[in-house]
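Worksheet for the structure shown next.
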Amino acid sequence: MMENTLEPTLQNVINQTTLKWIFVGGKGGVGKTTCSCSLAIQLSQVRRSVLIISTDPAHNISDAFAQKFNKTPSAVNGFNNLYAMEIEANLGNDAQMVNPGVESSEGDIISLGRQVLQEMVGGLPGIDEAMSFSQMMKLIQSMDFDVVVFDTAPTGHTLRLLQFPTLIESSLGKLIGLQSSFAPLMTQMGGMLGLGEISADDTTNKLRETLDVVRRINSQFKDPDLTTFVCVCIAEFLSLYETERLIQELTKQNIDTHNIIVNQLLYPEEDENGCVKCKKCSARYGIQKKYLEQIADLYEDFNVTKLPLLESEVRGPGQLRNFSRYLIVPYDLNSSTVDNLTTH
């Protein structure tokens with residue numbers, strides 16, 4: 001086994017001032033939200049303005065900060081330059097779709113075309129996340145945040161979210177190319193995309209504008225100077241398996257990733273004879289140690305940050321601020337200063 005010589009913290013991410021988009025994700029239940037909120041807090045200390053966005057339908061950042069957020073950015077209590085928002089997964093979905101049961105008065109060709117168009121839009125994987133993503137990016141583009149942190153949904157949803165710019169770029173390009181053949185349907189397309197009742201030419205112009213924005217976003221997501229993905233896992237088989245799958249998919253999509261957080265690690269206490277006091281803790285520690293060794297072998301070119309399992313949950317700005325220091329100060333069980341990080 002090769003020893004991981006890279007710094008075991010997220011300091012490299014915090015120091016990379018060119019980053020605009022930072023995704024934090026992994027398997028469900030590994031502590032993604034705590035990690036993403038902690039990262040946003042650390043970034044707020046060195047960047048002009050930081051926005052953290054929840055794309056997880058569970059919307060845990062409200063619980064993490066003990067403050068209610070909604071679909072517009074709100075200042076996080078206790079911070080001058082940290083903002084948060086939670087987007088709804090069903091934005092722009094059912095209400096804007098055509099009712100397939102309604103008879104068309106414009107003839108069979110137009111009716112058939114509408115059904116085909118609806119199937120094209122409705123058949124996109126993760127259409128609810130896609131519409132949410134589209135509206136969210138329009139909002140963010142109109143603002144001036146220095147860096148944006150995404151607290152993402154579990155792996156499958158996140159991969160669809162990241163595929164959306166490429167997918168929609170291809171779809172919009174094809175729709176624009178079909179303008180001459182399907183001009184009567186362009187107005188219908190405008191309604192589906194929330195562009196309002198506008199003419200076919202206006203719809204095409206709006207689609208071109210949207211396509212330009214999507215192309216810029218797609219390009220930025222594939223630029224390692226602007227975008228990176230921080231993977232969060234725990235030292236168990238299923239989580240490690242899903243992390244490897246996630247990293248392979250990110251690599252396939254040309255999205256940079258070089259940081260892994262291993263969360264909820266157990267550091268059992270020993271008695272005066274050097275024996276672990278709790279047998280179950282000792283067994284769990286042995287399992288985690290095995291997977292930590294595998295992580296060190298598999299990801300020797302990654303910065304691997306190890307975070308402890310605490311006795312109580314991390315909730316509220318104060319506890320999150322204290323916990324966030326673990327991202328830049330490697331955890332040391334024997335250090336008295338570490339114990340102070342969890343105090344109010």
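Even glycines carry a Cβ here, placed using N, Cα and C.
Annotated active site per Swiss-Prot: Asp56, in sequence order, evidence recorded as sequence analysis. Swiss-Prot lists Lys27, Gly28, Gly29, Val30, Gly31, Lys32, Thr33, Thr34, Glu236, Asn263 with the feature ATP binding site. Residues annotated as Zn(2+) binding site in Swiss-Prot, with sequence analysis given as evidence: Cys278, Cys281.
Lys27 (ATP binding site) and Asp56 (active site) have their C-alpha atoms 12 Å apart, to the nearest angstrom. Its Cβ taken as reference, Glu236 (ATP binding site) is surrounded by 16 other Cβ atoms within 10 Å in the chains shown. Rounded to a whole number, the distance between the Cα atoms of the residue listed as 'active site' and Gly29 (ATP binding site) is 12 Å. If you take the C-beta of Cys281 (Zn(2+) binding site) and look for same-chain residues 6 or more apart in sequence within under 8 angstroms, you find Leu266, Pro268, Glu269. Residue pair Thr33 (ATP binding site) / Cys278 (Zn(2+) binding site) shows a Cα separation of 29 Å. The separation of Asp56 (active site) from Cys278 (Zn(2+) binding site), Cα to Cα, is 36 Å. Between the listed binding-site residues, namely Gly29, Gly31, the fewest other CB atoms within 10 angstroms of a CB are found at Gly29. Across the residues annotated as binding ATP (Lys27, Gly28, Gly29, Val30, Gly31, Lys32, Thr33, Thr34, Glu236, Asn263), the two Cα atoms farthest apart lie 19 Å from each other. You'll find the Cα of Glu236 (ATP binding site) roughly 22 Å from the Cα of Asp56 (active site). The recorded positions in question are Thr33, Asp56, Cys278, and the one with the fewest Cβ neighbours inside 10 Å is Cys278. Here the Cα atom of Gly31 (ATP binding site) is found 13 Å from that of the residue listed as 'active site'.
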